[in-house]
Structure formats: C-alpha cells, structure tokens
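A.B. asks: In case it helps, Swiss-Prot gives these features for our protein:
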- ASP386: active site, proton acceptor (ACT_SITE)
- LEU273, GLY274, GLN275, GLY276, CYS277, PHE278, GLY279, GLU280, VAL281, LYS295: ATP binding site (BINDING)
- 1-12: compositional bias 'Basic and acidic residues' (COMPBIAS)
- 18-29: compositional bias 'Low complexity' (COMPBIAS)
- 81-142: domain 'SH3' (DOMAIN)
- 148-245: domain 'SH2' (DOMAIN)
- 267-520: domain 'Protein kinase' (DOMAIN)
- TYR416: phosphotyrosine (MOD_RES)
- 1-35: region 'Disordered' (REGION)
Amino acid sequence: DKGPAMKYRTDNTPEPISSHVSHYGSDSSQATQSPAIKGSAVNFNSHSMTPFGGPSGMTPFGGASSSFSAVPSPYPSTLTGGGTVFVALYDYEARTTDDLSFKGGERFQIINNTEGDWWEARSIATGKTGYIPSNYVAPADSIEAEEWYFGKMGRKDAERLLLNPGNQRGIFLVRESETTKGAYSLSIRDWDEVRGDNVKHYKIRKLDNGGYYITTRAQFESLQKLVKHSREHADGLCHKLTTVCPTVKPQTQGLAKDAWEIPRESLRLEVKLGQGCFGEVWMGTWNGTTKVAIKTLKLGTMMPEAFLQEAQIMKKLRHDKLVPLYAVVSEEPIYIVTEFMTKGSLLDFLKEGEGKFLKLPQLVDMAAQIADGMAYIERMNYIHRDLRAANILVGDNLVCKIADFGLARLIEDNEYTARQGAKFPIKWTAPEAALYGRFTIKSDVWSFGILLTELVTKGRVPYPGMVNREVLEQVERGYRMPCPQGCPESLHELMKLCWKKDPDERPTFEYIQSFLEDYFTAAEPSGY
C-alpha cells in the first residue's frame, strides 16, 4: 500500500492503491524493469530514502548488547490475573511437561504473562494449566483473533503469500497499513488478461466515530462487518473476497520457557545435512518432540564464553528473514540450535536442488528477501561478516532466511583469522575488511553484491578461474566481475554499486531492498 492516498472515480468505486503483477508469470513482457538504475546514470532519489547511510555510531563488532531490549508483550500486563479471555490462533503440541497442548479456537485465561514469549495459562475447556507461546494466541473477539488478520505484514510479503501456487482469485488477507498509522490494508489476489495473476491492495480507513470504510459510500461499524460484506458483494473491489490466504504457523520464540542453555542429551542428531571448515549441520530433534537444525562446532573453533555473550545478542535479533536462534549447548563442542529449513542452503539449492530451474523474477525476489533481512541487521547496528549463498537457508515457497549472522568474528582458527588463510572467504569479502579487518555493514553490502552473482549464475564460485591471492590483487587494482551471462545490465549496475571502493559510496540495504522489490514493477494504466 505504498503510493498516493485513495483516489475516487466519479462512480465512487474504489481503486486499488497499488497492484502488482505476479513474479512467476511466464510472460515477462508485462514486466518493466525498475527505472531506479538505468545504465550508469543512477538516480538514487527515485526512492525517498538515502542510499548511503554511513557507519554512523557503529561499533566495529555490531551493536552493543544494550541496543537490544527484550521484545515486549503486545498486550498490557494488567492481564495477569486472568481478566481477558484469549483464543488460540493455531494448534500447538506440547514440547515439555510444563507446556499445554491446544487446538486452534481453544480459549484461555492468562495466569501470568510477565515473561513475554511464554505465558502461563489455564484452558477454559479442560481446566489444565501450563505454558503457551504468546504469539499463538490473541484476545478473544479482537481483530487479532480473526483468521484473515495478518497483523504487521508488508505489501511485498502479502504479495508473496497470495501469489503462492494453488491460490485462487479472490483469496485475501487484511494487514496493518505500512504507510498510515491506525489504518489497514486489504490485499486480494486478482487475475486479468493483460497481467495474469496479480495482487491489489486497498486502504481501509478509520472514521473518527470508529467506523471503517474503503469507499465513503459503504461504511461499517467494525472491520469484521466490512470483511463479511466484502465476501458477499464485490462493491467496487476487483473481486469479492473468497477464502482467507493460507498461512504457516509462526515459529515460537525459543523452544520452550527457560530452554536457552540446554543439555546436550536433550538433542538427537539424526540426518547430517552438510559440513564446513568449522563443523557440521544436522537435522535433529529436541526433547523427543521438536524438529530443529543443529550446528556442531569443532573443538577450539571459538571460546565458549565469547560465543555465549554473542549468542545473547543474536537471540534478540528477530525478523521474518533471519533464521531464529532457539538454544545453545555452551560447553565444547558448542551446539547451536535453530529453526530447521526444509530446502537447505541457498548454495546447494541453486546448484543441485529445485533452484536450478528458477527464472530471473524468482531469483530477484529471493535477493529482495535477503536484502529485507539485511536491512533489519542494518537498522539494529549489527554486522553479519560472512554473507554468502552458503549462509542463506531456503524453506518452502522460496522463502529465504539469513543464517550465521555475527558468528564469523568469534572464530579462533589461524587459517581464518589471518584473513588470507585457506579458510577465509576472500572472494566474498570487501577489500578494506580483507586487508585491514574493517568490517562494517558496508562490507556486508559488498558481500551482498557477490551473493547476487551466485544467484544469477546458479551457485557458480565468484571470480571463476582466479585463486584468492589473485582476486585480492586484482580487486585492489579496480577489477570487478563482468556482467554474468543472462543477467540484465541494470542488475549488474546494482552489483557494481555494492563494489564501490569507498564503503560510504555503497548503497544501504534499505535502498537495495526497495530497488529489488520494485525491480519488476508492472506498468500501471494511466489514471492509477
């Protein structure tokens, strides 16, 4: 719902404030490339944001832990005592003896919600008490409890969900407006002959008397009544609302209450997924109940105390496009427990998985997701330090999440710390970081440019035919990789911006995200 405020036609039927063509249609002729980068003349001001946020107030090792605070509970703490009834939004299987299992729709009284992520609750149906994940419930009869309400979700993520294969025209969701506080957006999947599958977004405005409307002609006393009416009558919308957009259950925040430093015995390593210089990655089970990914580090890879300190910061970084850190085994050998991602690393996915068959629109969308996660890391004054396709994980429906953020600076191995050693990822590293150890969010931007080449070449090693030492020398002399085969020049221009010699001349991730999200913007008919 970016764009102008709602305009009305003379017949007062609502126009969507933005509509978007499917990224996955076979006919690419309908998509026009974003005008933001044309040839070498770059107009960064075509976006309202500044492209160059220098390393303002950034510590060399990412933000200090004081810049993070525990995520507050979204509901007032006066609930302690069980006055408000909460309803389950999803099914949940207990993972420990202290948890409650429940089904979607079950009602609870909250006994204690001061912990934030896990609340002590009593099931009204069974009378049993136990802990429940707070992001699985909402106050009964609230907007949050409606299955069609998706809360804080951006326009782009709404489009990704609605355009998933198998969804039909008229499928919809309601979310918070990104641009107008207190307003909502209705996002609907549509189809027409010119554009094929696309998504229309309508702003739902709030009246001073508490009512809601999309067009002033039809006003409703609640959001629920507006949605009910729109399911029966299109009333100027592109299509009447059919079914609610399917969604996946969110990840819980952590494995369970007080399950952060966990005993090694609680983990069962089942399927080895891969291995690198510093350890292995396994699919496994925690506590006999919960599927997880487990990264095992070789002895001596990093100091347990330093790791635990960094992990405390990492677990507070929460974003849809970051792999959540669930728990740790803090004695050597260190284990890191995270969400399990079904399709493995982006590198393997591109080389050997379904990624081999992806076309440019899907690859650009994956890049946009990674930029979204990195823009969050940028906002939090953190630094990744090892951004590359091997450290991105892929889930169902081409969802991408960033893994291993912040770990690289803790590695003690001499072959790595020398920065020219065999284990150091020179080909992904900005020259000022490789030569002088100057890691900033701007060196991450350089690495992102290299990751873009991995995406468009389906996992080819950067600088083909060159060894590490050669790469360092050539890049210092001004050499940059040429435009990969089949890659549009405008995307190569973005790569070259990421590889500017002066870190402050490289764009921000905020800019990169908006550039990639709008890369295939449909040409709108005049009058929109």
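Including glycine, each Cβ sits where the backbone N, Cα and C put it.
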A.B. asks: At the level of the C-alpha atoms, what whole-angstrom distance separates LEU273 (ATP binding site) and the residue listed as 'active site, proton acceptor'?
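C.D. replies: Rounded to the nearest whole number, the Cα-Cα distance is 20 Å.
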A.B. asks: Using DSSP reduced to three states, classify GLN275 (ATP binding site) as helix, strand or coil.
C.D. replies: strand
A.B. asks: Using DSSP, what's the helix, strand and coil tally for the domain 'SH2' (148-245)?
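C.D. replies: Split into helix, strand and coil, the domain 'SH2' (148-245) gives 18 helix, 31 strand, 49 coil.
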A.B. asks: Tally the residues of the domain 'SH3' (81-142) by DSSP class, grouping H, G and I as helix, E and B as strand, and everything else as coil.
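C.D. replies: Output for the domain 'SH3' (81-142) reads 3 helix, 27 strand, 32 coil.
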A.B. asks: Reduce the DSSP letter at VAL281 (ATP binding site) to three states and note it down.
C.D. replies: strand
A.B. asks: Out of LEU273, CYS277, VAL281, which has the highest number of nearby Cβ atoms, where nearby means within 10 Å of its Cβ, if these are the binding-site residues?
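C.D. replies: Answer by Cβ density within 10 Å: VAL281.
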A.B. asks: Name the secondary structure element type, per DSSP in three states, that contains ASP386 (active site, proton acceptor).
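C.D. replies: DSSP call for ASP386 (active site, proton acceptor): coil, neither helix nor strand.
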A.B. asks: Are there residues of the same chain, six or more positions away from GLN275 (ATP binding site), whose CB falls under 8 angstroms from its CB, and which are they?
C.D. replies: VAL281
A.B. asks: Other than LEU273, GLY274, GLN275, GLY276, CYS277, PHE278, GLY279, GLU280, VAL281, LYS295, which residues of the same chain sit close to ATP? List them in sequence order, counting a residue when its Cβ is within 8 Å of the Cβ centroid of the site.
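C.D. replies: Surrounding the site, in chain order, are THR296.
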A.B. asks: Least buried of the recorded positions GLY279, ASP386, going by other Cβ atoms within 10 Å?
C.D. replies: GLY279
A.B. asks: Mean pLDDT over the domain 'Protein kinase' (267-520): what is the value?
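C.D. replies: The predicted confidence over the domain 'Protein kinase' (267-520), as a mean pLDDT, is 91.
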A.B. asks: Assuming the binding residues for ATP are exactly those in the record, LEU273, GLY274, GLN275, GLY276, CYS277, PHE278, GLY279, GLU280, VAL281, LYS295, what is the maximum CA-CA distance in angstrom, rounded?
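C.D. replies: So the binding residues stretch over 14 Å, Cα to Cα.
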